[in-house]
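Quick one: the structure is below, and I'll ask about it shortly.
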Amino acid sequence: MNDEATCNEGPPPNPASARLKAALLWSAVVIAVLALLAARLDDPIIEHRPDFAMTMYFALKQDIPVAGLAIALLAGLWFLVGRAPATAQPALRLKGWQAWAVLVLPALAAYVLRAHILPDYDLSRDEQMVTFDAAIFSKGHLFEPIPSFWRNYYDALNKAFLLPIGDREAWVSGYLPGNAALHALIGMVLPASAASPLLLLVAALALWRITLRLWPDSASTRAAVLLLFTTSSQVIVMATATYAMTAHLALNLVWLALFLRRTPLAQAGAILTGFVATGLHQPLFHPMFVAPFLLMLLRNRAWKELSVYVVCYGAIGLFWIGWQPWISAHGVLPVPTDHSGDGVDYLERFRRTATPLTRFSFFVMAGNLLRLAAWNHLLLLPLAAIGIAVRRSDRFVQALWLGMALLVVFMTLVLPAQVNGWGYRYLHGFLGSAVLLAGYGWHWLEREGAAPVRAFVATAALGILVILPLHVWMAKGQLGGYAEAARAAGRFDADMVVIDEGIPFAGDLVLNRPDLSNRPIRLARNYVKPGDFPALCAHGTIAFADAPQFGAVSRFFRIPPPAAPTPRQVRLRTAAEAAGCRIVPSAPQ
């Protein structure tokens, strides 16, 4: 009797399968909690905070539906693990040409998306400033002089994110120059839209080199890491934009590949990479990535190596913190207080842009992390959780997740809202860390005979064939609305156009070339005064782009389009007519 019962029990359960089931369940619960917290942003108070409202919109209209699909799939996998018939899993391998295809195709896809499918338009002021600065740097200048006539209308030309130089004597963005300089350099030999895709290719190659060092005997783990990375909607769609985040991702992975070699020459390369990475746009993101690895050196008592990094990064930090005051000091006159914008040095600009901590800060960060989960491979979270759990005493693994945790805590306290972004862009530079953590999880499951190869390949295919096209459609809707509004604002045969408000982030439509060679020159309604028109109209013809012309943006956000110009726009038009201005009507659409 006992022997028969023993025979009917079957093979004992695999402990690794039990851990995988726990990780799948935990991940589904985490995503559900993030969705519930993000839904708390649906509050009337948020309507008065456009930055928070964007997180709410993306959560409710885009990310919670995708999160629902993710939860359902994770629950289905949880149910199937240990219940499916015990058949041998196929090997996960990328042969030579397959590996190269997986490395190159995402960068090529990003280029094709930007050049041929998505509107070739810089959506946010952050992106616009990259193109703005790249135009300056491509001429060999550090900043662009402002013609004397236009200095009186500096604010109306859109001073957002600009660095004050003298008494409105010149301009360049308030960001550090690295990302724009990379775009300018690449743009000298390739189309401008190829810059971010090329940086994505650099990131993928660096990641591949890291996997060869970490898992030289596991082709399956190397393939899993690369597929987690290259099937991510966030990785691909972010590379269609000019944000600095793809450059951060590439340089962080190049830095890590050099750091792992632990030779003097590689250390010199890592320090040079760190210099460029720290100066990409903000001097905080790369040091937060690096700091946990320096802590690892401290704990390992690698004093010589640590001291070189500390001294060099100290010098790098001082250099870049001093960059903005040095550029600002190139003016003949001092910066007037009423035109100082966010300040002339990084610490002052940081203080002025920091967001006070409220309960909504945590809901916004939940929305950001939900967006991160929705825009990446559906098994990234459970595999990374397994990697952290099974290698919790590994100091390198600790450094990988500690950098991500450090950034999330810091941004929650200081600047929780990203506003725009394909995925969560402030963690974009750490996506390499995330997929490496997942690689440790996959490697452990593989050794224990529990790697879910079929489920992994199926979810990767789902990501590329279903979720990526869905995210591209979402991005195209938002980009298309603002690109159409920008065309409407420029559809005048006039020298100047006053751009109305009435839609979210209408100020981003006020974009001019650094040398003001564009026509019409765009002026922000909020900073044009009725008394300005005699001088403006003596300088040329003028037009008014009214709020109803920007209805494409309203349609994207599913809000009623403006029915009439704003009252201030009406008053400005009346003042222009009284001043005898030659007002140009809009050209036919």
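In case you wondered, yes, glycine gets a Cβ from its N, Cα and C as well.
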Quick one: sort out which of 235-253, 254-272, 425-443, 482-500 is the transmembrane segment according to TrEMBL.
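In TrEMBL, residues 425-443 carry the label transmembrane segment.
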Using Cβ distances below 8 Å and needing 3 or more such pairs, separated by at least 6 in sequence, tell me whether the transmembrane segment (455-474) contacts the transmembrane segment (64-85).
yes
Between the stretches 64-85, 181-211, 372-390, 399-419, which one has more Cβ pairs under 8 Å with the transmembrane segment (97-117) than any other?
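Comparing 64-85, 181-211, 372-390, 399-419 against the transmembrane segment (97-117), the winner is 181-211.
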With CB pairs under 8 Å as the measure, which of the listed stretches 64-85, 181-211, 306-323, 372-390, 399-419 comes out on top against the transmembrane segment (425-443)?
372-390
